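A.B. asks: Next up is a structure, given as structure tokens.
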Amino acid sequence: MGKKEIEESSSTVGLLKRSTTGGSGGSTRWVDGSEVDSESPPWSLFGDEEIREGYGSVRRRLVKKPKRVDSFDVEAMEISVAHGGHHKKDASLLSTLALAFQTLGVVYGDVGTSPLYVFSDVFSKVPITSEVDVLGALSIVLYTIALLPLLKYVFIVLKANDNGEGGTFALYSLICRYANVSLLPNRQAADEHISSFKLKLPTPELERALNIKEVLERKSSLKTLLLLLVLMGTSMIIGDGILTPAMSVMSAVSGLQGRIPGFGTNALVITSIIILGALFSIQRYGSSKVGFTFAPALALWFFSLGSIGTYNLLKHDVTVLRALNPVYIYLFFKKNSINGWSALGGCVLCITGAEAMFADLGHFSVKSIQIAFTSVVFPCLFLAYFGQAAYLMKYPKSSGRIFYDSVPDGFFWPVFGIATVAAIIASQAMISASFSCVKQAMALGCFPRLKIIHTSKRHMGQIYIPVINWFLMIMCMLVVAAFRSTTDIANAYGIAEVGVMMVSTTLVTVVMLLIWQTNLFLAFLFPLIFGTLELIYMSAVLSKILEGGWLPLVFASWFLCVMYIWNYGSVLKYQSEVKQKISMDFMHELGSSLGTVRVPGIGLLYNELVQGIPSIFAQFLLDLPAIHSVIVFVCIKYVPVPVVPQEERFLFRRVGPKDYHMFRCVARYGYKDVRKEDHHAFEQLLVDSLEKFLRKEALDLALESNLNQPDLDSISVKSRDETEIQDVDGMDELTIPLMCDQRLETAGASTSEASLALPASVMSVDEDPSLEYELSALREATESGFTYLLGHGEVRAKKNSWFIKKLSINYFYAFMRKNCRGGAATMRVPHMNIIQVGMTYMV
């Protein structure tokens, strides 16, 4: 690879030494290149005062002398990203409307089918004896929809997204960026300088946010509590993925019981199971295709709801508009007391699926979800409930089959067909949300590794997980077969819905205090209003535990145990690896031959450590008769951001002296990133990146030896455009520390302040004989091929551990590790070139 090609393809020139970052809570120092890897921030200041958006003091930085070099290189992926920018371009109005249309088929099916069963469930607990019953129940339903889905989710919670990603884990990752609360200790100071990691902090409430951050980071009990809260919310969303299809499909099909003679409970159950089987079978085609297929049907369904509601409202009793007066809520509870409180369990069903607006956000966009709800869903639901209430004012005994009885004569069968299709589609919302939550949990180390299929080339968030899909299908069929009634399923349904909402309220409150730094009064007003409302609903639905409400609690507890045990075992394993890592003193004793024979070739040793030499490497040295001439410790690491820009994917670091030919490569991915490259592309990319790294290291060492500058804070010189560094002979640009997020539009005004004369000896770094020798050795190793060195680690609890720990680690965690997706498949490495060594970690 020629000199000019290297320079033109480079996206980073780093000059790093020591740094102190407030985000990591202290200073880092390089000892020998292995004790602390990749810990230097690529930020600098020049000219006018620039403020780094993140924690840590703001310092003015000039040119420095480096000791180690970080390399941020471009990954060869199929999806192109503009240099330095990770945000999507503003979508056109047409594409936004197209996404809004898709949301009808994926997001709003659940809340759209709630008129099928809300009033029938409410008035099964409160018989209609006066107009107060109807108007009071209608008023509760209307204000519940207005407060929770509309005000809370559409206008507040959707804004708490993590760069377009929604759900409880997105909120958790957002909090983890601002406070180091993750239980997995693999955070690096360099992670804070990923462009998508940047933290925007207004100043008025900064001190309060810092105090909250300090408390969260200091107390491990709060970290564990926060994780358990997130896992519980995620577990309930997955539980919703089981209950939603069962409830929606059975409610729609139950309309046949009054129309077809002999269509009893058995026929209802069998028909529902067949429909559920068909629903889950089409999930592999992806939510985009499913959304476009289902969206027209849901659009027709909402049109039917609005039309039927308007017809009944005008024909039967237009005075039900009085229910907009909240006084009827007070009169309802005054008249029905305990029964009215119990009826709240039915009223809350009017917002089933509201959390899908946030959980499914990764599939769509904030604007598309807001447009669809405010312009279509919200008005049609209001009209539907007004129409049903008007019908009940005239025919109070029809409460058991209110939806189908209120359909105008002659329209039953068309409406039934549309309702059945809509009920099937309603299930899609929570199924898609379950996929999104499981993927986020896997990326953040809280769920066993499963196969994920990305179903859309345009929208990275649209995924399909076969194991979860078939698990949900089996559970849905069992629920339908066991309960055989929508009433008991409705009792279970409410607990899961309200539980997820309470978790989201708590996490958004933390986001308001820590990240948004909202005014203290407004920050507490949010949980006061919505949290109180949700607690009232939760108290009502918990009274139905013995009548089916236990089901979501069982599902949530099971998923919670799975996720927590996996996270617990993963954290213990990582901590054990950190304690057992090999010291550089031992490596120095072995010498450059590493105590064995070095043969041509590149060995890629995959491990989870971001710092130090993993203990599994000693096993390879003991078990193999020879070791490769070039060793690269590859760490695949997920950081709490949705997407890591391609040009910031890799961190490179030399490990040990030059003649050891050992390097570290930390490949950083966001929890929404797609790893598409095959092993051939990855190998070529790694070699090219390593060659660039070696050249930059030689250049930086030349700068260090020739510049007599004060020992200042570390900086990074990073080119923002390939044309900014034309060739090595034009080195003037390297004297200007460049901000990672700013192009040099007015470089002339700043150059005069920071430019320094460079000695002529820097101009000929390619003539360095040690560099040429190392590059030729790298090319020779590349021609000899790659070998993937994988450690097959078994985790066992120590003999003196508690019984619960032994049970969790030796049996549950071990079972999940044995049956989850293997490391070779997850890391996309060829089976023919793998060498595995077994090792037992005592935790």
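Each Cβ is built from the backbone N, Cα and C atoms, and glycine gets one as well.
Quick paste from TrEMBL:
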type	residues	note
DOMAIN	99-586	domain 'K+ potassium transporter integral membrane'
DOMAIN	600-841	domain 'K+ potassium transporter C-terminal'
REGION	1-43	region 'Disordered'
TRANSMEM	91-109	transmembrane segment
TRANSMEM	134-155	transmembrane segment
TRANSMEM	225-243	transmembrane segment
TRANSMEM	263-282	transmembrane segment
TRANSMEM	294-314	transmembrane segment
TRANSMEM	338-359	transmembrane segment
TRANSMEM	371-391	transmembrane segment
TRANSMEM	411-431	transmembrane segment
TRANSMEM	463-483	transmembrane segment
TRANSMEM	495-515	transmembrane segment
TRANSMEM	522-542	transmembrane segment
TRANSMEM	548-566	transmembrane segment
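Tell me about the surroundings of these features in the structure.
C.D. replies: Mean pLDDT, taken over the domain 'K+ potassium transporter C-terminal' (600-841), works out to 71 on the 0 to 100 scale.
Listed by sequence, the residues of this chain that lie at least six past the ends of the transmembrane segment (91-109) yet keep a Cβ under 8 A from its Cβ atoms are 248, 287-288, 290-299, 302, 353, 356-357, 360, 363-365, 367-369, 371-373, 376-377, 422-423, 425-429, 432.
Below 8 angstroms of C-beta separation, residues 107-111, 114, 117-119, 121-126, 136-137, 140-141, 144-145, 148-149, 153-154, 157-158, 161, 166-168, 237, 240, 244, 247, 332, 369, 373, 381, 385, 426, 429-430, 432-433, 436-437, 490-491, 493-494, 497-498, 500-501, 504, 536-537, 539-541, 543-544 of the same chain, each at least six residues beyond the ends of the transmembrane segment (338-359), sit close to that stretch.
Residues 96-97, 100-101, 103-104, 107-108, 111-112, 114-115, 118-119, 134-135, 137-138, 141-142, 145, 149-150, 154, 299, 302-303, 305-306, 308-313, 315-318, 320-321, 323, 350, 357, 398, 402-403, 405-406 of the same chain lie 6+ residues outside the transmembrane segment (371-391) yet bring a C-beta within less than 8 angstroms of a C-beta in it.
Sequence-distant contacts of the transmembrane segment (411-431) (same chain, at least 6 residues past either end, Cβ-Cβ under 8 Å): 105-110, 112-113, 116, 237, 240-241, 244-245, 248-249, 251-253, 255-256, 259, 275-276, 278-280, 283, 287, 290-291, 294, 297-298, 300-301, 304, 308, 353, 356, 360, 403-404, 469, 472.
Within the chain carrying the transmembrane segment (463-483), a Cβ under 8 angstroms from the stretch's Cβ atoms is held by residues 238, 241-243, 245-246, 249-250, 269, 272-273, 276-277, 280, 283-284, 286, 431, 434-436, 438-439, 450-455, 489, 492, 548, 551, 555, all 6 or more beyond its ends.
For the transmembrane segment (495-515), the residues of the chain that approach it from at least six positions outside its boundaries are 148, 152, 156-157, 160, 168, 171-172, 174-175, 178-179, 199, 208-209, 212-213, 216, 226, 229-230, 232-233, 236-237, 239-240, 243, 348-349, 351-352, 354-355, 358, 522-524, 526-527, 530-531, 534-535, 537-538, 541-542, 544-545, 549, 552-553, 555-556, judged by C-beta separation under 8 angstroms.
Using a Cβ-Cβ cut-off under 8 Å and counting only residues 6 or more beyond its ends in the same chain, the transmembrane segment (548-566) has close neighbours at 227-228, 231-232, 234-236, 238-240, 242-243, 441, 445-448, 475, 479, 483, 487-496, 499, 541-542, 808, 812-813, 816.
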A.B. asks: If I count Cβ-Cβ pairs under 8 A between the transmembrane segment (522-542) and each of 134-155, 225-243, 263-282, which range comes out on top?
C.D. replies: 134-155
A.B. asks: List, by number or range, the same-chain residues at least 6 past the transmembrane segment (294-314) whose CB is under 8 A from its CB atoms?
C.D. replies: 101-106, 108-109, 112-113, 115, 320, 376-377, 379-388, 390-391, 406-408, 411, 415, 418-419, 421-422, 425, 428
